[in-house]
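Student: Could you have a look at this structure, given as structure tokens, before my questions?
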Number of protein chains: 2
Amino acid sequence: MTSYDSLLTELRSIALLESCGHVLGWDEQTYMPPGGAEHRANQLSLLAGMVHERATSPQLGDLLASAEQNEKSDDPDLPSAANLREARRKYDRSTKLPRRLVEELSRVCTLSQQAWVQARKDSKFADFLPWLEQVVALRREEADVVGYGDGVPYDALLDEYEPGMTAAEVTTLFAGLRDELVPLIAEIVDSGRQPDISILQRSYPVAEQRDFGTAAATAIGFDFHKGRLDEAAHPFCSGFGPGDTRLTTRYDEHHFPGAFFGTLHEAGHGIYEQGLNPAEFGTPMGTYASLGIHESQSRLWENFVGRSRAFWNHYYSSAKQTFSTALADVAEDTFLWCVNDVRPTFIRVEADEATYNLHILLRFELEQPLVSGDLKPADVPAAWNEKFTQYFGITPPTDAMGCLQDIHWSGGGIGYFPTYSLGNMYAAQFFEAARRDLGDLDEQFAAGDFAPLKTWLNQNIHQRGQQYRANRLVEVVTGERLAYQPLVNHLREKFSALYGL
Amino acid sequence: MTSYDSLLTELRSIALLESCGHVLGWDEQTYMPPGGAEHRANQLSLLAGMVHERATSPQLGDLLASAEQNEKSDDPDLPSAANLREARRKYDRSTKLPRRLVEELSRVCTLSQQAWVQARKDSKFADFLPWLEQVVALRREEADVVGYGDGVPYDALLDEYEPGMTAAEVTTLFAGLRDELVPLIAEIVDSGRQPDISILQRSYPVAEQRDFGTAAATAIGFDFHKGRLDEAAHPFCSGFGPGDTRLTTRYDEHHFPGAFFGTLHEAGHGIYEQGLNPAEFGTPMGTYASLGIHESQSRLWENFVGRSRAFWNHYYSSAKQTFSTALADVAEDTFLWCVNDVRPTFIRVEADEATYNLHILLRFELEQPLVSGDLKPADVPAAWNEKFTQYFGITPPTDAMGCLQDIHWSGGGIGYFPTYSLGNMYAAQFFEAARRDLGDLDEQFAAGDFAPLKTWLNQNIHQRGQQYRANRLVEVVTGERLAYQPLVNHLREKFSALYGL
């Protein structure tokens with residue numbers, strides 16, 4: 001066996017062990033009885049420790065170095081080159097972190113998250129502040145240890161979620177997006193037109209929602225022979241490995257869009273996981289490209305497909321039949337408008353397709369100075385509210401509705417937020433390319449045919465794993481560098497029609 | 001830290017890792033999509049290999065030897081002495097097995113089980129025979145490697161499931177039991193009386209069965225804050241560790257007893273798991289005493305409590321309310337008789353409380369000569385049918401209804417069957433002792449009060465872990481050596497009343 005083959009064998013074995021933790025994590029969120037929490041924490045901590053030990057072992061380092069010697073190639077896109085590149089990136093990042101910092105981050109983030117839950121409940125930022133200060137300090141230290149070349153410290157954190165992306169690139173993209181989005185949203189608000197979204201809060205029985213959502217997830221291509229849909233308080237998708245991908249959603253009888261678009265969203269993630277090459281499981285070539293690319297797949301099915309007129313051309317009669325009481329007097333156009341209602345609101349996870357991106361931009365614009373040291377954690381609420389008022393024209397009445405709303409920072413997730421809007425941009429650009437390649441997608445959707453799009457995504461994105469970094473993948477697939485215009489074009493076109501702009 | 005403390009730390013850590021496999025095993029039986037089977041097998045095999053490596057490591061051997069030097073004690077019942085005794089037993093057994101034999105057993109038993117599934121479906125013993133021959137040969141080899149002192153090879157296999165028990169003791173106990181049971185069953189058959197058990201096959205809606213069974217499991221003391229009840233094709237109970245014990249059952253709308261008594265049975269196992277001392281998790285003092293003792297806890301709640309007149313004094317009105325259509329015209333006495341119907345049948349897992357033991361005896365009487373070499377696997381069907389006709393007065397029409405019915409031998413489980421009837425004997429003897437200690441149990445059950453019995457079991461059995469071997473535990477708890485008479489007394493008393501003997 002060559003050192004390269006031995007390297008892949010070891011990576012697969014580590015990934016297999018890691019995937020055991022995914023099963024336990026999924027069970028924790030779906031079925032675990034409350035009394036099992038402490039034992040589960042012990043199990044997960046043991047597995048994480050074992051995975052970390054193997055992923056940073058000198059033996060793995062030796063294998064990697066030896067494989068790099070023997071497998072040298074001039075073509076960086078070759079599977080072996082991609083595997084070595086990403087294995088090296090991950091190994092270096094992991095081994096650069098001193099054990100003390102890893103343990104301190106884990107301990108502080110666990111406690112910080114508990115403090116955040118209470119602080120948000122009480123809407124008392126002061127109670128969360130000491131934790132935010134510690135989290136920011138530790139992750140700034142991490143950025144220094146990991147390094148960021150000629151860039152800024154933020155790059156080191158962003159790179160964990162979106163390998164190869166820089167703060168400078170994001171800043172440019174987001175600035176362009178903001179300059180188009182703010183006036184578009186203003187036009188919508190100024191139009192004075194608003195659908196009566198109370199029809200989405202009528203009675204939608206949970207059992208029917210479950211069946212309807214499952215049928216739609218199946219139709220767009222999620223394979224229930226190789227996956228499941230369960231309930232969880234905080235919906236997520238978890239790919240355990242080949243043949244087993246788990247989706248979760250949450251139902252509210254009086255809020256139709258939550259579970260339905262949530263299911264499509266998670267199914268989008270799930271279709272990506274199911275589309276990875278099973279023969280490459282555990283190696284970079286069998287791993288998703290980045291969190292932004294992952295998000296592009298969920299947003300594409302949720303928004304570009306699920307909230308399209310063509311989709312409801314196909315599904316509305318079935319929806320009317322399923323929810324015959326709630327939708328009896330609702331015309332298809334009205335329904336379509338309701339599920340595409342745009343209005344400035346305080347909570348990101350409830351935001352519509354257009355304003356959502358402003359929520360992300362705002363966070364990114366606070367995260368950068370937090371990491372550079374230009375913004376003190378204590379000044380976050382004021383900065384948040386000022387920026388929010390500027391972008392949305394409304395001011396959060398409490399910190400719980402403002403800077404305390406998200407879980408990310410409390411758990412150490414700084415540098416993660418940008419991937420959400422990058423995902424929207426990737427999705428728009430991919431969708432535009434798919435439309436070019438596949439012809440009239442609307443006609444296909446209206447006929448309930450989602451297979452061509454799914455196959456296109458499988459071939460162009462999923463099966464490539466980490467062959468390309470996200471930025472390069474976009475170029476390879478669409479022929480263009482990543483840009484914000486496709487997303488803006490999509491939003492402007494859709495909402496111009498709905499709001500008569 | 002003393003070497004003894006270090007030993008316990010390592011044992012706990014191994015058990016924690018092993019318990020991750022339990023979560024994956026439970027998920028495999030309850031929620032895993034079909035496509036996940038191969039990946040799950042890889043995950044479980046990896047975990048099992050890691051556990052085996054640590055459980056047989058020279059480091060663990062050194063720790064054990066050192067702890068034995070330093071913790072010597074004259075009192076074999078002291079927790080430390082019990083921990084060392086059982087850790088030594090497990091370590092020696094595991095390390096005696098050469099890796100080749102372990103792997104061969106694992107491989108052959110997996111393939112053998114697949115072959116058995118098909119052979120049973122086709123009722124073709126000949127297709128299973130080559131596998132049975134390999135399994136028997138491998139386990140005979142195992143017995144030789146493990147050793148059995150002055151005993152017989154069968155002892156080495158039995159010892160895996162029922163530490164300290166010998167074939168000679170089981171033979172004596174089972175002979176006595178058989179000599180009492182065969183005439184008792186004959187008397188019941190000769191009485192010519194039979195309840196109309198078709199009333200148990202009326203419509204019992206699954207949702208109502210679930211609620212009714214859950215309420216009963218809760219009432220007898222299974223803590224749903226620290227456990228769950230789910231569905232599985234082959235019901236089982238799995239204790240993941242402190243605070244998390246999972247039960248499973250299966251529902252058939254037209255067979256009331258299956259799920260209900262199955263739930264009580266698994267809840268009995270679950271109450272044992274929940275009653276183990278959480279502070280001792282992973283060490284022998286926090287581990288169930290033996291499979292026979294485990295079975296005694298399930299049979300006790302299923303049969304001695306759940307099929308008693310007193311239990312239905314309390315529950316029948318609620319059953320009648322829940323299953324108002326099915327039970328409208330059924331008197332309590334009739335119902336009680338139906339759930340205690342005794343008649344010779346072919347399938348062990350559907351057998352009643354009395355004939356069940358004959359099914360076990362028969363298997364034990366074939367297993368012994370199989371392991372000694374006196375019975376050739378090829379001669380199993382003839383030997384089975386001859387013995388079956390002798391015990392039950394009926395002859396299996398096919399091998400699927402006869403020697404092919406059980407999964408155990410195909411998976412290598414030889415020496416396991418006796419624990420089922422040992423469990424019944426332990427249960428009877430424990431129940432008799434509990435009755436002595438707790439006064440009128442019938443009155444308590446009839447009032448729906450199961451707490452005194454549960455607490456008694458917690459204190460006398462569960463919390464002792466492996467402080468005593470099963471045989472000694474029976475003596476400590478009941479003041480008597482294990483005997484078959486309490487079980488016979490229980491059966492004779494119950495069925496005399498029901499059948500007017």
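Quick reminder: no glycine exception, Cβ is built from N, Cα and C everywhere.
TrEMBL entries are annotated by machine, without manual review.
What TrEMBL shows for this protein is this:
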- A:GLU266: active site, proton donor/acceptor (ACT_SITE)
- A:HIS265, A:HIS269, A:GLU295: Zn(2+) binding site (BINDING)
Student: Might you list, by sequence position, any residue in that chain lying six or more from A:HIS269 (Zn(2+) binding site) with a Cβ less than 8 Å away from its Cβ?
Tutor: A:CYS237, A:LEU247, A:HIS294, A:GLN297, A:SER298
Student: What are the other residues, in sequence order, whose C-beta lies within 8 angstroms of the center of the C-beta atoms of A:HIS265, A:HIS269, A:GLU295 at the Zn(2+) site?
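Tutor: Same chain, not in A:HIS265, A:HIS269, A:GLU295, Cβ within 8 Å: A:CYS237, A:GLU266, A:GLY268, A:HIS294, A:GLN297, A:SER298, A:ARG299, A:TRP301, A:GLU302, A:GLY423.
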Student: Within 10 Å of the Cβ of the residue listed as 'active site, proton donor/acceptor', how many other Cβ atoms can be counted across all chains shown?
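Tutor: Around the residue listed as 'active site, proton donor/acceptor', other Cβ atoms within 10 Å: 27.
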Student: Name, in the order they occur in the sequence, the residues of the same chain whose CB lies under 8 A from the CB of A:HIS265 (Zn(2+) binding site) and which sit 6 or more residues away.
Tutor: A:PRO235, A:SER298, A:ARG299, A:TRP301, A:GLU302
Student: At the Cα level, what's the spacing in Å between A:GLU266 (active site, proton donor/acceptor) and A:GLU295 (Zn(2+) binding site), rounded?
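Tutor: Cα-Cα, rounded: 9 Å.
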Student: Counting across all protein chains shown, how many other Cβ atoms sit within 10 Å of the Cβ of A:GLU295 (Zn(2+) binding site)?
Tutor: 25
Student: Per DSSP, to which secondary structure element type does A:GLU295 (Zn(2+) binding site) belong, with helix, strand and coil as the options?
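Tutor: DSSP call for A:GLU295 (Zn(2+) binding site): helix.
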